[in-house]
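Engineer: Annotations per TrEMBL:
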- 33-94: region 'Disordered' (REGION)
- 49-59: compositional bias 'Basic and acidic residues' (COMPBIAS)
- 67-77: compositional bias 'Acidic residues' (COMPBIAS)
- 122-164: region 'Disordered' (REGION)
- 138-149: compositional bias 'Low complexity' (COMPBIAS)
- 204-224: transmembrane segment (TRANSMEM)
- 236-257: transmembrane segment (TRANSMEM)
- 510-614: domain 'Cyclic nucleotide-binding' (DOMAIN)
- 629-651: region 'Disordered' (REGION)
Amino acid sequence: MAEAMRWRTVPTYQCPALPTCWGCLVRHQQPPANEQGGFLPLTSGSPKNEQKIDHDRRRGSGKQTWEEEQEEGEELAEDGRQAEPQSFLPERIGSATSVSSTVINNRLQELVKLFKERTEKVKEKLTDPDVTSDDESPTASPAKAVPAAAPVPPPAAEPEGDKPGGDEHYCEMLCCTFKYRPWLDRLKNYQFPSSIDPLTNLMYVLWLFFVVMAWNWNCWLIPVRWAFPYQTPGNIHFWLLVDYLCDLIYLLDILVFQTRLQFVQGGDIITDKKAMKENYLRSQRFKMDVVCLLPLDFFYFKVGVNPLLRFPRCLKYMAFFEFNNRLEAILSKAYIYRVIRTTAYLLYSLHVNSCLYYWASAYEGLGSTTWVYDGEGNSYIRCYYWAVKTLITIGGLPDPKTLFEIVFQLLNYFTGVFAFSVMIGQMRDVVGAATAGQTYYRSCMDSTIKYMNFYKIPKTVQNRVKTWYEYTWHSQGMLDESELLVQLPDKMRLDIAIDVNYNIVSKVALFQGCDRQMIFDMLKRLRSVVYLPNDYVCKKGEIGREMYIIQAGQVQVLGGPDGKTVLVTLKAGSVFGEISLLAAGGGNRRTANVVAHGFANLFILDKKDLNEILVHYPESQKLLRKKAKKMLQSNNKPKDEKGAPGDTLIIPPKADTPKLFQAALAATGRMGGKGPLAQLRWRLKELKAMQETQLDTKVG
């Protein structure tokens with residue numbers, strides 16, 4: 001009985017849950033005996049949950065669950081306490097033998113399979129010397145898997161109609177519910193950065209915009225308020241409110257933003273708070289900012305609200321020029337802003353001149369002479385009109401009468417000629433820089449047309465050349481992309497090439513598994529070429545020295561007896577001609593004609609450039625040769641034109657009979673002999689008749 005109890009507490013071979021599942025004792029195989037002839041010892045340390053999972057997995061679907069078998073096992077345990085274990089002994093011994101034989105058989109099959117795979121790999125090494133390892137290419141170590149988060153228990157069930165969506169936010173007020181946007185929460189939780197990058201931070205550019213607006217308020221309206229009678233005691237509160245709001249923007253710029261600007265020192269980007277603050281305090285800009293905020297407004301109590309006391313606010317010009325540089329760096333068409341800025345310079349010059357003219361008229365007395373402003377109509381518009389005629393030197397102005405008027409007019413003429421010439425020259429430079437690419441395109445096209453006319457090139461060819469120039473310029477904005485990137489360092493050119501071409505090149509089957517750095521080097525060698533409609537990209541039979549990647553447009557592969565049947569149409573992202581880069585021994589000839597269907601923009605990789613790159617990557621070179629050889633063999637498999645490859649003759653065709661042997665057989669037939677030659681002749685006739693019958697049957 002003690003031996004039986006020991007046997008019942010030992011887990012079986014196929015059911016680790018036997019200590020709590022007596023139902024498995026009857027159905028499952030029993031554990032094999034150990035070397036001493038006893039049962040396997042009890043294994044401790046396995047949790048009950050693992051026993052349950054392994055038990056359910058071995059039991060399979062459609063059977064009893066763990067709880068049901070546990071209850072059944074408890075019932076069997078009550079009945080099995082009086083049973084003798086000898087009744088189960090024969091079944092246990094027989095089942096252990098069958099289990100052992102099954103395990104040994106499975107293990108032998110696995111060993112045979114491994115030996116076959118190893119034999120194939122060794123045979124492949126002997127036939128292909130490029131193969132140096134069992135793996136085609138080294139694979140990156142797998143990233144460490146992130147442990148899955150514990151499942152959150154579902155909350156109490158709610159009616160779907162009463163539960164608001166996850167993206168909706170509500171604000172209750174009285175008896176109504178209003179939605180409010182989530183950006184309010186982000187604004188409340190926003191933290192101001194400890195350091196600001198002045199070159200790339202868009203928030204800083206936005207802040208400079210407000211600073212420049214405050215600077216423009218002072219530059220444009222201080223002369224107007226000083227010369228024209230627009231500032232009155234009735235609206236003085238409005239002017240002062242806006243003035244002090246601009247002063248607040250100046251003060252925040254000094255205390256909050258300028259002390260947090262990063263700077264470069266010795267090649268390092270300094271982000272330390274103390275260092276950034278000291279750098280700003282030592283700069284020239286800090287001195288100008290302090291001068292801008294001189295509190296001359298206290299003189300208002302003595303001389304009244306005089307706008308000229310706010311003239312130092314116009315000295316914050318450094319923020320204006322910094323804003324121009326930052327804005328031009330982020331605009332795609334910066335020349336438009338340059339034109340607007342140059343026009344604003346001219347308008348501001350006229351604005352200041354109109355203010356000076358009204359001041360001179362008021363000094364001489366409005367309407368006192370024919371030269372001064374007579375005081376009729378809108379004073380600012382009338383004076384601005386006079387300033388335009390003076391600076392542009394149109395003429396038709398009344399002659400000055402007094403000495404003051406003559407000196408003022410002379411200074412106005414000299415200043416107008418100088419300022420206007422400077423503005424015109426700057427405008428010419430801005431427009432010339434904006435249209436430099438267009439000018440280069442026109443000069444290239446004119447030179448090419450002149451060359452074709454000199455050599456009397458046919459008009460059809462000239463029209464195609466003109467079409468190529470026009471489409472290339474309008475689609476790319478340039479004629480050669482390499483000329484634009486040649487000034488950049490290799491690292492920046494590589495970054496641009498990766499963003500433009502890597503997604504396409506990485507999908508090429510020939511380059512999958514190669515060194516990543518080799519693909520990066522290859523991206524810098526790609527050339528962009530535009531093909532016109534019906535242009536031959538490559539022709540059948542020619543030597544292939546390039547691989548093509550379709551960037552935009554479509555190409556058609558032509559074949560058939562006439563060479564004009566469209567076999568397939570390749571679209572953007574497709575690749576063709578890659579086998580020709582590595583094929584050797586005459587295997588790099590084109591097998592079909594490829595024609596551009598419409599305008600097609602292709603990337604081209606030369607074989608010479610690829611070979612120069614592969615010198616530094618021998619493992620990738622071996623892998624590419626192996627892939628190219630397999631692709632070439634798969635493309636060159638012979639195809640049976642009369643039937644499928646399985647349609648073979650029952651009696652294969654024999655080789656031609658030698659002429660001397662045929663003469664001997666003919667002589668034997670004429671003599672009517674019955675020797676070995678006669679029998680052989682009869683046998684050959686029979687074989688020939690059988691072959692003809694088989695051929696007739698297949699043709700029919």
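All residue numbers here begin at 1 and follow the chain in the order shown.
Positions of Cβ are set from backbone N, Cα and C atoms, glycine also.
Since we're looking at a predicted model, the values are computed, not measured.
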Engineer: In this predicted model, what is the average pLDDT of the domain 'Cyclic nucleotide-binding' (510-614)?
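Structural biologist: Residues in the domain 'Cyclic nucleotide-binding' (510-614) carry a mean pLDDT of 84 in this prediction.
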Engineer: Other than its close neighbours in sequence, what residues sit by the transmembrane segment (236-257), given a CB gap under 8 Å and a spacing of at least six beyond its ends?
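Structural biologist: Long-range Cβ neighbours of the transmembrane segment (236-257): 192, 196, 204, 207, 210-211, 214-215, 217-218, 225, 286, 289-290, 292-293, 305, 310, 313, 316, 319.
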Engineer: Using DSSP, break the domain 'Cyclic nucleotide-binding' (510-614) down into helix, strand and coil residues and give each count.
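Structural biologist: Split by secondary structure, the domain 'Cyclic nucleotide-binding' (510-614) comes out as 21 helix, 46 strand, 38 coil.
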